[in-house]
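Asker: According to Swiss-Prot:
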{"type": "DOMAIN", "residues": "11-455", "note": "domain 'Biotin carboxylation'"}
{"type": "DOMAIN", "residues": "130-327", "note": "domain 'ATP-grasp'"}
{"type": "BINDING", "residues": "158-219", "note": "ATP binding site"}
{"type": "BINDING", "residues": "Glu285, Glu298", "note": "Mg(2+) 1 binding site"}
{"type": "BINDING", "residues": "Glu285, Glu298", "note": "Mn(2+) 1 binding site"}
{"type": "BINDING", "residues": "Glu298, Asn300", "note": "Mg(2+) 2 binding site"}
{"type": "BINDING", "residues": "Glu298, Asn300", "note": "Mn(2+) 2 binding site"}
{"type": "DOMAIN", "residues": "524-600", "note": "domain 'Biotinyl-binding'"}
{"type": "MOD_RES", "residues": "Lys566", "note": "N6-biotinyllysine"}
Amino acid sequence: MASHAGSRIARISKVLVANRGEIAVRVIRAARDAGLPSVAVYAEPDAESPHVRLADEAFALGGQTSAESYLDFAKILDAAAKSGANAIHPGYGFLAENADFAQAVIDAGLIWIGPSPQSIRDLGDKVTARHIAARAQAPLVPGTPDPVKGADEVVAFAEEYGLPIAIKAAHGGGGKGMKVARTIDEIPELYESAVREATAAFGRGECYVERYLDKPRHVEAQVIADQHGNVVVAGTRDCSLQRRYQKLVEEAPAPFLTDFQRKEIHDSAKRICKEAHYHGAGTVEYLVGQDGLISFLEVNTRLQVEHPVTEETAGIDLVLQQFRIANGEKLDITEDPTPRGHAIEFRINGEDAGRNFLPAPGPVTKFHPPSGPGVRVDSGVETGSVIGGQFDSMLAKLIVHGADRAEALARARRALNEFGVEGLATVIPFHRAVVSDPAFIGDANGFSVHTRWIETEWNNTIEPFTDGEPLDEDARPRQKVVVEIDGRRVEVSLPADLALSNGGGCDPVGVIRRKPKPRKRGAHTGAAASGDAVTAPMQGTVVKFAVEEGQEVVAGDLVVVLEAMKMENPVTAHKDGTITGLAVEAGAAITQGTVLAEIK
């Protein structure tokens, strides 16, 4: 599809959603609202997910990981061809900000529901985006004009501009591949970790450096732009409540901004998008310092996780707007809308807030979302779903809306108390605590939360989760069965106890029934705080060992880096001593409680 208004633009007739979870459900429902048939795709672990069932058609991508499924260009384009879909919506994450995939979709003769590949390329490269922002006269803190070539350049920048500094993935976002250095000595390790995370998440490891604003707010502008040069800011959001630089709570409009700050954000966001020749839905992100200084952060060239709070306060369906823009239509709004009330979104992630938000994969044995006035739940799971470690940790999003911020907070307290999830740890206990925390509630002078507030100031009294069941991949063996539907050969995967039998109650050929592993309720093992063993605090993959056999360490030294749900997690020494008995190797998949090494 051409990216300019002067050419003839095809119209969407059938949408393939190249994603999973709650965003796939969200886009499928929008397609139904628009009268468009939808197509889902899925990896093997998602075969029974709600988005697969809700779509008009679903095609298996195969594979257990993102790389084998949702990141595979050929498989997704093949599913589009087989289904007859003429448009692809990427959701967010995965291939949503991949310019090469956007171009491949267009080259295949399909409609790409998103910005042009060139805009994605320019704004997705954080260094190029800074150049665009500078030309648009957006506010900016000092940073390297191009990616750095090594840790030495990072050290040189820190020595010139001072600490703290942020090392950031040049081709990513969402907190992945971002590390903050507060001392010169930690720069080499943090740079190496940022490069690893960036490579794993985005396929490219280049990083740039900029001065880090201490205790900033994260404020952003939701932009929608058509292919005729019209740009509107649908509203602002505050996303300051984060852990590991990934958002947990978002609200709209951004509270406690001056009229000048709000105007500067709206105006500069529009200038940046026009400078980049942007069309589609996008988000221009800023940091706001304690002194009120505003600094451009990045542009996310896709729909954001937190888009529902803007929908609730602006009265705009942003996914439907994406469809209309992709169809070549002009925006049906010409001015920035005035916010209607206040909305807050809470991400319901599979993480244990009582253990520093460690990823906590597991089965969802009960999912009971709240309802009532001013309550919306966007979910990608249901009772019986299994949250594995292959993908990110989000189960659902709770969105509350009120006449003002106070009413939204009151509804949030009620809805969070109603929200029931069993079987695995979630961040709901954190949300219940934060909506009553004076730092977040604020007063006439504003609130005191910032992007590092959770890690540095929040008093975490939440008990570690103990009521779940361990994830047992073998509990329900599956069998693939070939069936014909209207003459079309379809391969389906069924639980073995539901698969076809010979009519006498015997197991189907090739099905091996496994006795379920005994489950211990309440079992909970974290990283050792005493004794010699250094144990894995979570299920995940060993990325690297930072120590060698016989090496002397002191308490707090990095021992091993684990990866789970697309985030790296350091495991440190709990006491002084000598490393012995390195028990696993880099690349090994481990479970919570696995002994990684001992300190004698």
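Glycine residues also receive a Cβ, built from the backbone N, Cα and C atoms like all the rest.
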Asker: Taking helix as H, G and I and strand as E and B in DSSP, count the residues of the domain 'Biotinyl-binding' (524-600) in helix, strand and coil.
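Answerer: Reading the DSSP string over the domain 'Biotinyl-binding' (524-600) gives 0 helix, 35 strand, 42 coil.
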Asker: Rank aside, I only need the closest one: which of the binding-site residues Glu285, Glu298, Asn300 has its C-alpha nearest to that of Leu190 (ATP binding site)?
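Answerer: Ranked by Cα distance from Leu190 (ATP binding site), first place goes to Glu298.
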Asker: What is the total of other Cβ atoms whose distance to the Cβ of Leu190 (ATP binding site) is within 10 Å?
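Answerer: The answer is 21 other Cβ atoms.
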Asker: Can you name the binding-site residues among Ala166, Glu206, Asn300 whose CA is within 10 A of the CA of Glu285 (Mg(2+) 1 binding site)?
Answerer: Asn300
Asker: Compute the C-alpha separation of Glu298 (Mg(2+) 1 binding site) from Ala166 (ATP binding site), stating it in Å without decimals.
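Answerer: Cα-Cα, rounded: 13 Å.
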Asker: Which chain-mates of Ala166 (ATP binding site) that are at least 6 residues away have a CB under 8 A from its CB, listed by sequence?
Answerer: Met178, Lys179, Val180, Ala181, Val209, Glu210, Arg211, Tyr212
Asker: What does DSSP assign Ala166 (ATP binding site), in three states?
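Answerer: Its secondary structure by DSSP: strand.
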Asker: Quick check on the binding-site residues Glu206, Asp214: which one has the highest count of other Cβ atoms within 10 Å of its Cβ?
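Answerer: Sorting the candidates by Cβ neighbours within 10 Å, the top entry is Glu206.
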Asker: Roughly where does the domain 'ATP-grasp' (130-327) sit in mean pLDDT, to the nearest integer?
Answerer: 95
Asker: Between Asp214 (ATP binding site) and Asn300 (Mg(2+) 2 binding site), how far is it from one CA atom to the other, in Å?
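Answerer: Cα of Asp214 (ATP binding site) to Cα of Asn300 (Mg(2+) 2 binding site) measures 22 Å after rounding.
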Asker: What is the Cβ neighbour count of Glu298 (Mg(2+) 1 binding site) at a 10 Å cut-off, with all protein chains included?
Answerer: 20
Asker: Taking the Cβ of Ala198 (ATP binding site) as the reference point, list residues of the same chain whose Cβ is under 8 angstroms away and which are at least six residues distant in sequence.
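Answerer: In sequence order, the residues whose Cβ lies under 8 Å from that of Ala198 (ATP binding site) (at least 6 apart) are Ala169, Ala170, His171, Gly172, Lys176, Gly177, Arg204, Gly205, Glu206, Cys207.
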Asker: Might you list, by sequence position, any residue in that chain lying six or more from Arg182 (ATP binding site) with a Cβ less than 8 Å away from its Cβ?
Answerer: Leu163, Pro164
Asker: How long is the line from the C-alpha of Ala158 (ATP binding site) to the C-alpha of Asn300 (Mg(2+) 2 binding site), rounded to the nearest angstrom?
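Answerer: If we compare the Cα positions of Ala158 (ATP binding site) and Asn300 (Mg(2+) 2 binding site), the gap is 27 Å.
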